[in-house]
Structures are given as C-alpha cells and as structure tokens.
Amino acid sequence: MNDLMDKIVALCKRRGFIFPGSEIYGGLSNSWDYGPLGVELKNNIKQAWWKRFVNLREDIVGIDAALIMNPKVWEASGHVANFQDPLVECKKCHERFRADSIKEEVCPNCGARDSTTPERMFNLMFKTFIGPAEETSNIAYFRPETAQAMFADFRSVLDTSRLRLPFGIAQIGKAFRNEITPGNFIFRTREFEQMEIEYFIPPPKQDADWQGVFEVWRKEMLSWIKDDLGVNLDKIHEHEIGTEERAHYSKRTIDFEYDFPFGRSELYGLAYRTDFDLKNHERYSGQNLKYKDPETGEEFIPHVIEPTWGVDRSVLVVLLDTYNEQEGRVILKLKPSLSPYKVAVFPLLANKPELIKEARKVYLDLKKDFMVAWDDRGNIGKRYASQDEIGTPFCVTVDFQSLEDEMVTVRDRDSAKQDRVKINELKEYLTKRI
Ligand code: GAP
C-alpha cells in the first residue's frame, strides 16, 4: 500500500470508521468491520442513493431480497458456468494467484521463476449447504451480485405495481465473491455491498433506442459522484470495456474508474444486459416473464440497462478524496450530508456546572434532528482538531456569554470562520448548511 492508503487505514482504525474484522482472533484476511463512525458514513451514502434513485423518482421501486436464492437462479444467469477467474498456484510457496496477476513468470509472493502450475478456472461463488446434510443436491450459493433478485422478482413487482416501461427495480445489499486476490483495504473484499438498478426498456428497434437510455444513466452516474458524493470528477475516467473482457451477459459496458493511490481501478459499472437474464430465467423457470404493453397488447421480454455501484468503494473514494492535511492536522472535508456527525457541542469549560447544564440542553435539543457529538475534554483547539479529523462540519461552543445572551459560537470546519448564533435559531442555521 502507499502513503495515502496507509494514512486512511490508520485514520479509520484510530477513529472508529473501519476495523480489521475478527481482530481479537488475529483477524481474518481482508475482512473489515465498520465501526460507529463508518456505519454512519456508509448509511448516509446508502440513504442518499435510495432517496435519489428510488424515493424521488416515479419510475423506480425498491426490493430487499434474500441473500441465498434457489441455485437454479445461478444456472440461469450463467454464473455457475461463467463466473470464474483463471487461477494458478506457485509450486514453491503454494500461494494462489489470478493468472493475469503474474508478470514475466515471476511469483509475486516468493519471487520464484517459472514456478506456476497451468491455469485452471476457479468459480468465484461462495458455496454453502441448505439443511443438515452436506450433499451435492443441497448446494446453494451466496449471491455474487444483487442484480439477479431483480430479475427473479420481476413478475411479482410487475403484478403488484402499476409500473409501465421504462421502469427500474433497485436494491442495496450484500454480495459475496470468493476473490482469489482481495486487497487494498475495502477496495476488493470477499463480502461487500452493492447498490444496483435494473432499468427495463422495450426491446430496442434500433441501437439508438438502448444507447439513449445508456447515455442518460452514464450522466446520472457522473452526477451522483459529483453532487452526492462530493468527489472531484478530475480523478474519474470512463473505460469502455472491450468485447473480450466484458461479462458474459453484456453487450456494452463502461467502467467508471478512479485514480486510487494503488492505480486507476474500477469504482462503478454501467452495462447493457440486453434481454439475456429475463430470457434465461423464463427458460429455466418455465414462468412467463413477458411484459404486456397495455396499449397494444403486444407481449415481449424487456431489455435492461444496469447501473451498478459498490458501497464500500464509494466509502473508500469519499475518504480518499476528502482527506486533507493542514499544518500537520487532518481535515476530512466530507460533504456535510455524508458526515457521521453533523455538529459537535462543547461546553467551554468542563468544570463549570452551569456551562455543562446549558450545553447539555443544546446538545439534547439538536440530537432530535441531527447526529450530534459531545466533547468536554481538553481545550477547544484540540476538540476542533478531533472533529475536523472525522469530518464534522460544525462545532458549537457554549460559553459564559451564552448564559446571558442565549447565543453560541458556531465554527465552520472548512473556513474556520466563527458565527455567533441564537440558540433558538441553531436548528435552522444548521439545516440550511447541511
Ligand atoms: N451486477 C453487475 C455486477 O455485479 P460488477 O462490476 O462485477 O458488476 C459491481 O460489480 C460493483 O460492485 C463494482 O463496480 C464494484 O464497485 C463492486 N465490487 C465488485 N466486486 C467487489 C469486491 N470484491 N469488493 C468490493 N466491491 C466490489
């Protein structure tokens, strides 16, 4: 890892954003747990996404499906046959690698030359068994993408809603992949979260029909990065995936890549999945998955455009992009709507009961509407620094003057500017700025 990644990992551990998973047992390689601040940041990202793409739209509805689906789903989707990476093993150190990670026939672990076994294909789906008997007939899989539930539930959503094409089904949830080479903190893990939309359209009469929808989603994804994550688009690059590299279901894929400290890598993806999934599910399930046009009575299998977002990669990009150091101090310039705490409340001095009493009143009142931190340790400068490091956009100090004039000092994280604000106008003041 490099310098910035090391700093982010250290900050996350120090302040309770993200810890190594199962740490008291020596950890579990590449597993990470979100701590009290991390879960707030992650939830804020998921909530912003759900609000933007589900709540504020008329044409997209959400679902929350089971993680373990009927194994036939994965036969129909092509994952049993195709969701695999080429694997090689070093005969000397017995480490296993994705074949494409071996450069010039040198083992990346022990440096041995020409030591790798021939490639064999390795399916990335996590297997489990349903019921007490571990027999082949009981094999099931943890879903490797949330997407298939949108196809498997397509009929039920259609029958229970008044949706008309074009429309989308959205979901946020965990996905599991037995990655051969996980790494780079939360960038590639074996258990992660996705936010996905399957956006169904009528079968295109010409390429321009699906291309137009694809273009709309391309812009939506860029706007999400800029406006909702507050991430600089300078570091985002669109990568057109070639035919050879595309997933088995896709006719066109764009990856949105970010300049991570460890190199330019995929953040999100956008794919035209055609009617591949619904067609196969109709064939494998024997159920009618056609859409009936209410005007013409014509029946057909819709096609689908799929924008997909990794939640954990969103968290990582937000942390990397907002990390700043000023005079040796860390400031996380998070968009206020994403910050774990929106505001911190401090009594100027911790040993003055009248100040504590007034500050607690302000704190408890703000808590009804915002995530609020309380800090009465050390001097005010240290408390500001501590809140800057976790991205809290505003700090409120209750001082002796407050007891007389019912006003407090509000300090802005990014400008360090201080305003004197009436206590009964604090909520409005903060709401406006968050
Ligand atoms: N339904 C399409 C699909 O799953 P994908 O490109 O394989 O496409 C979508 O995954 C997104 O999920 C990626 O763009 C990335 O953000 C995230 N993702 C994929 N594998 C991941 C992993 N091992 N760890 C963390 N995030 C991952």
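Positions of Cβ are set from backbone N, Cα and C atoms, glycine also.
All chains included, 21 other C-beta atoms sit within 10 angstroms of the C-beta of GLN194 (substrate binding site). Taken from TrEMBL, the feature substrate binding site covers ARG98, GLU145, PHE192, GLU193, GLN194, MET195, GLU196, GLU306, PRO307, THR308, TRP309, GLY310.
Other Cβ atoms within 10 Å of the Cβ of ARG190 (ATP binding site) number 17 in total over all chains. According to DSSP, ARG190 (ATP binding site) is assigned to coil rather than to any helix or strand. Under the heading ATP binding site, TrEMBL lists 177-179, 187-192, 266-267, 310-313.
For 6-336, the entry in TrEMBL reads domain 'Aminoacyl-transfer RNA synthetases class-II family profile'. For the domain 'Aminoacyl-transfer RNA synthetases class-II family profile' (6-336), the model's average pLDDT works out to 95.
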Going through the binding-site residues ARG98, PRO307, VAL311 in sequence order, which have a CB under 6 Å from an atom of ligand 1?
none
Near ARG98 (substrate binding site), which binding-site residues out of ARG190, VAL311, ARG313 have their CA within 10 Å?
none
Distant-in-sequence Cβ neighbours of ARG313 (ATP binding site), under 8 Å, six or more positions away:
ILE186, PHE187, TYR258, GLU266, LEU267, TYR268
Which of ARG98, ARG177, ARG188 (the binding-site residues) has the most other Cβ atoms within 10 Å?
ARG177
Go through the binding-site residues GLU196, PRO307, TRP309 and tell me which ones have a CA within 10 A of the CA of ARG190 (ATP binding site).
none
